[in-house]
């Protein structure tokens, strides 16, 4: 009876166990799809796809290498939520084949494994382009080719070119393009003279100057003839040094010419827009009235005529009036009527005086002067009348008044003393009855000179002796221009 009672309980437990096993079967959780392996620079990565689930699924990736003893599935990634796995750490020989399988787990349920196809890193993977450097040395172009960087067991390193392995770059194809034409060169990595663990080097002779060289390269693997990606072109232009130097000459000349023309144009433009203006001179207040009176005053144009005459020495009672000669003359001695024997008269006193006439008015002579004027008659009609346009009066005269005294001059004893004075004279100073008239002998008109109409500090002048007209009222001192100033008149 007890056995009959226990039998139904055992049957119920077995049925429940079978039902639980059916729930955990492969058909209960979807399997991953499109499991693929991609490798770039020997860095293999597994990718897969999975449908959207209410719960977030997790994945497990296993790798199996071909040719390994006791080859088994090795866990590469466990319980990851993303849809890729890097298996570079679990790859032995890059040239050998490998397989990958992936399963999903949702909650407590797992899916079946999804397997990939056979994959070899060296055969099916991609390798990036090598790096290039180009330079010119003397008459050659040096090309440096650096091995592409790869990942081996998770470490970045250059591609193995050891011939003992089956996955290495055996040769580099170098493409040189010059002036549109392309030439291909090959570099064997097994030659120690050309390559080392880091780079390979190629020397190309320069065939023509003033040309552009563009270089690109790609590597070829030893296994299955797989090629790397082709590098970008690196260009260099070769110039002839002599031609390059000569090209600077016209460039510099053109630049200098442009600068000069620019400066000239700028100066001309500034001068045209902003012409130079005379700066006004600010005078002090004390000079303003003087400048105004000088600019407003009008002066008539003067005319100057010079008359050259000669005369003989003369004497007065107890008084001798001497005139300053114009030209150098030797006066060894003079005597008066009182002392005729004291000094011997060795030479006749001679001088040349000039009559200077002008149209200006004659100023008055300061009264009170005791100087005796000297009068001369002139045969020229220019000096006959004071009111005519040919008459001139100067404001000063130069005379020497001599009186009897014991005085020696120029080495000769004489009883007369001379007083030299400069003063301004007027008509009222000399009464007509007190003036002594002195006649000149041998008056002769030599030349008539028209003096320049203007004098200034820039014109040379010479002081001349006194002149008197027929009336004997004026005693004048004048200036005449020298021979050099006549050229400017």
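Note: Cβ is positioned from N, Cα and C throughout, glycine not excepted.
For the residues 113, 457, 479, Swiss-Prot attaches the annotation phosphotyrosine to 457, which does not rule out the feature elsewhere. Annotated range for transmembrane segment in Swiss-Prot, selecting from 183-203, 204-224, 225-245, 246-266: 246-266. Feature annotation from Swiss-Prot across 86, 401 places N-linked glycosylation site at 86. Record check of 79, 385 in Swiss-Prot: the feature N-linked glycosylation site is attached to 79.
Taking a C-beta cut-off of under 8 angstroms and a sequence separation of 6 or more, residue 85 (disulfide bond) has the following same-chain neighbours: 45, 46, 59, 61, 76, 77, 102. Other C-beta atoms found within 10 angstroms of the C-beta of residue 77 (disulfide bond) number 19, with every protein chain shown included. Classification of residue 122 (disulfide bond) by DSSP places it within a helix. Confidence in the topological domain 'Extracellular' (18-245), given as mean pLDDT, stands at 84.
Cα separation, residue 34 (N-linked glycosylation site) to residue 86 (N-linked glycosylation site), rounded: 16 Å.
In this structure, the C-alpha atom of residue 79 (N-linked glycosylation site) lies 29 angstrom from that of residue 122 (disulfide bond).
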